[in-house]
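Enquirer: Sharing a structure below in structure tokens format, with a few things to ask.
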Amino acid sequence: MLSLKTLLCTLLTVSSVLATPVPARDPSSIQFVHEENKKRYYDYDHGSLGEPIRGVNIGGWLLLEPYITPSLFEAFRTNDDNDEGIPVDEYHFCQYLGKDLAKSRLQSHWSTFYQEQDFANIASQGFNLVRIPIGYWAFQTLDDDPYVSGLQESYLDQAIGWARNNSLKVWVDLHGAAGSQNGFDNSGLRDSYKFLEDSNLAVTTNVLNYILKKYSAEEYLDTVIGIELINEPLGPVLDMDKMKNDYLAPAYEYLRNNIKSDQVIIIHDAFQPYNYWDDFMTENDGYWGVTIDHHHYQVFASDQLERSIDEHIKVACEWGTGVLNESHWTVCGEFAAALTDCTKWLNSVGFGARYDGSWVNGDQTSSYIGSCANNDDIAYWSDERKENTRRYVEAQLDAFEMRGGWIIWCYKTESSLEWDAQRLMFNGLFPQPLTDRKYPNQCGTISN
């Protein structure tokens, strides 16, 4: 747990002097070596792992998402006609239960949903990295927060140990900011966009600095090869200049100047277009070890859902070519096999699905595209749907391996098929081994 006093001290000590730029790469080396501390850090474009990042997200574990673990939220159901009374996110989950009961249910979830055998399976299936989301409240809360706090960190540390034991690398992902950075349920608090309010920004900065300091220490650098400063900030509704100047840049300076670490930082693209970040934290200005994280889905708008499979694949391939000339390293930190939004609560509790026309959000509605019946039962999938899903997955893998690689969302769920890498592999919809291709060169390239 962190204190607000620590925050003030930390913020006051952040230096404004940039770290020594990393030397030019030795043509014979796949890694940079920083002059000051001689430590190596991972070059996501040039093979420091010996292959592209091929990872999985550990979603729905240390930060709840209703569609990943619906049983935790179904426990609140009072009728079969609608979702009234069901909490929409972890904030309301804890608020409805009270901290003691919420703590009991969450500890049961944390101790069972992922165990070391899962990480052994991940490694045996050929993946090389796990991205682990966690919310700010795991480390510090606002005065009126209902969240359970102070316990998740030990599970995160345990997971890093599991990863190390199985030769997996880790991204630690700050997935939820105080006040919420995007209003999504996956931030912990739906329908709020108050991340950059001064009090919320101060708490989130304090938490981030704690994460940076701890997981950039020598004991973690063999396994933790990136820290994501904040997941999916909703750029179109945020003050981007304030986020850059008051959150992202100070985090970099704290990491390089105070901690003296060569840890890689991950910046989500904030839903901005390709090349938007090219002039931010540039090598010419002395910055290094910066990776841009792009997330790609084609299911959260009706026009996307209406695309033919060939159109889906064309868009996926453009995701790869679109980042070829971005100046920073780039990785696709989230994508999915999904071609529908049928999974219950994918669009959040109470909203329905656009695909079958049941989606309602205020006065916004959707029109029927196709049926969602038996969506999570592979026995009801046609051969064409199976082939299309496999084609789409392979196209995305090829596209994302044009640069630094990919991290699928997510490794497992309680019941979803389209969003569960385990089920996808079991049913032949996701390649095993990961380099296997039934539909090679869909993007006009050969995968690594």
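Any Cβ shown, glycine's included, is placed from N, Cα and C.
The feature signal peptide is assigned by Swiss-Prot to 1-19, with sequence analysis given as support. For Asn165, Asn325, the entry in Swiss-Prot reads N-linked glycosylation site, with the evidence type experimental evidence. Residues or ranges marked as active site, proton donor by Swiss-Prot: Glu232. Taken from Swiss-Prot, the feature active site, nucleophile applies to Glu334.
Neighbours and distances for these, please.
Expert: Sequence-distant neighbours of Asn165 (N-linked glycosylation site) (same chain, six or more apart, CB under 8 Å from its CB) are Glu116, Phe119, listed in sequence order.
Glu232 (active site, proton donor) falls outside any helix or strand according to DSSP and counts as coil. When other Cβ atoms within 10 Å of the Cβ of Glu232 (active site, proton donor) are tallied across all protein chains shown, the result is 22.
Taking the Cβ of Asn325 (N-linked glycosylation site) as reference, residues of its chain lying under 8 Å away and at least six apart in sequence are, in sequence order, Asn275. For the recorded site, Asn325 (N-linked glycosylation site), the DSSP three-state label reads coil.
With a cut-off of 8 Å between CB atoms and residues at least 6 apart in sequence, the same chain places Asn57, Asp293, His295, His296, Tyr297, Ile407, Ile408, Trp409 near Glu334 (active site, nucleophile), listed in sequence order. A strand conformation is recorded for Glu334 (active site, nucleophile) in the three-state DSSP classification.
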